[in-house]
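Residues or ranges marked as transmembrane segment by TrEMBL: 111-131, 143-161, 173-195, 243-262, 268-288, 325-349, 361-381, 393-412, 424-441, 488-509.
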Amino acid sequence: MSKLSPVEEQVKGTVDIIDYKGTSLDAEPENDTSSVEIDTEGPVVTRRELWSYYLYYNGDNGVGPLGFTMTLFQLLTTTAGYDPVKGPGSSCTASDASGQCVVRWANGTKAVSSVVLIANGISFAIMTLIFTTVGSAADYGSFGRWLLFTVTIICWSAQYASMSLTVSSRWPLAMALFMIGFITYGATLVFYAALFPRLARNTPHARDIRQRYLRGETTREEYELEESLEKNRISNISTMHSNIGYVFVLCLNLSVLIPLAGHPKVNNFALMIINSYWVLLGIWWFIFQQPRPGPPLPKGEHYLTIGWKQIWHALKQYKKLPFTFSYLFGFFLLADGLNTTGALVSIVQNDKFSFSFLQNTYLGLAQALTSTASTLGYWYIQRYFKISTKRMFVITNVFTILIPFWGMLGIWTTKIGFHNVWEFWMYNVVFGLFQAPYYAFSQTMMAELTPPGFDNMFFGLFGLSNRASSMIGPNVIQAIIDKSGNNWMGFPFLFALCFSASLVIWFAVDVQQGRRDAVAWAEESRKKQ
């Protein structure tokens, strides 16, 4: 789904100009390479290790936890609900239904769309707690390695447990499994992405260009450009793999959804296949990943408390990292707007196509194929013309704004604004062509502005912006929908959110200066430890 995930997921930038011993490339380059500690973050990345990294993301493509589990949850909840116009006992899916649907909630009722958005909001709130509590701790020792393994296993288990979701009375269980899968899926994206800066710093090419710079054979500007392009290469390949996995899984689903169209458990079988694909491809990363532990946990600190202490320390230093925090703030708003827009469009799409896994597969294929092509195409354009990451990101921002704007038009007319079948085809194609690279370039921007050696801490904050920020949007939108009874009334708020966020990123973030500020901050912080 080129992920509101796809998930998500490029991590790069010239952020690794300093090693753990405080060697700064702001200093004069040394001609004697023997005096420079190049191998400061473990062994050189092998081809097998890099491919296992790509394959993990190929399997972690978001089709299950991001798409189909939500569809199954919404389907069971709708089936368990009733039409408020016709009263209890009526069916929300009847041919003469009013289009509204409510389900028993606490001591009253709540619109099914609101229930789905509440589940999203709660999930994002829990992600906030995870990223802020243990995100920074992943920078120390081997904790990050085991953290990714743990959340991956939980996500796999939640997806397999969805086999039990066969009757409408189990919609609360469907809600719980959706939330568990969604939370851990979001965590896999963040902690997978946080591995990238350290991995990219240790490829043979990255080490070679760094060594040439330290010998004085190339200028700082040439070094930064070459290193940034190397990281973009790896990140775009990993994102392309995610989209390839998305295409392959959807095609694989057709082998079940078409011949077993009338089977009561066909949707559950499709989910099992999707999850098994991820298990088959994802397990190799945990086998072939080489040890690159961070520094030991400072004396007297604990893994459950150091995250909060470091985040507080970083926040107090915002004046030394103005562009990093400006980007985090802008992306906080942008991610909230885009993620909630995706959830709202999915709700409208599921209603339009009667929760059909088959139809969603066809639409997903349209998005996945165009996403794969655009991710690769944007990378070739960027490399050929040597365009900066920020400029590429700005292009994607324009379409981030246009999606909720298009939905907003549906308030006043049914001719456009996500009321017609052709619009959902258009949405998925446009999203694939212009929005899919957003995920790649957004994480590239974060890596450019991340202090080296503090990758998990700042990617935890990035995860807070990218996923956990969206506990705001779903709750606001569900309140609007609950009050108005109209799904389309949520789009104006989302348009305003995306537009204001883009202005912050476009005009308040200087990537080049922000990168150098990050290097200086990292060097100063390491010396104090």
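Each residue, glycine too, has its Cβ placed from N, Cα and C.
These numbers come from a predicted model, not from an experiment.
Using a Cβ-Cβ cut-off under 8 Å and counting only residues 6 or more beyond its ends in the same chain, the transmembrane segment (393-412) has close neighbours at 334, 337-338, 341, 344-345, 348, 418-419, 423, 427, 430-431, 434-435, 437-438, 441-442, 444-445, 486, 488-489, 491-492, 494-495, 497-499, 502, 505-506.
Under 8 Å from some Cβ of the transmembrane segment (488-509) lie the Cβ atoms of residues 323, 326-327, 329-334, 336-338, 340-341, 344, 348, 390, 393-394, 397-398, 400-401, 403-405, 407-408, 410-411, 417-418, 445, 449, 473, 476-477, 480-481, all in the same chain and six or more residues away from its ends. Note: the stretches the transmembrane segment (243-262) and the transmembrane segment (173-195) are not in contact (fewer than 3 CB pairs below 8 A, sequence gap of 6 or more). With Cβ pairs under 8 Å as the measure, the transmembrane segment (143-161) is packed most heavily against 173-195, out of 111-131, 173-195, 325-349, 424-441. Remote same-chain residues near the transmembrane segment (325-349) are listed as 4, 67, 70-71, 74, 113, 116-117, 120, 315, 318, 360, 363, 397, 400, 403-404, 407, 418, 424, 427, 438, 442, 445-446, 449, 461-462, 464-467, 469-470, 472-474, 477, 487-488, 490-491, 494-495, 497-498, 500-502, 504-505, 508-509, 514 (criterion: CB distance under 8 Å, separation of at least six residues from the stretch ends).
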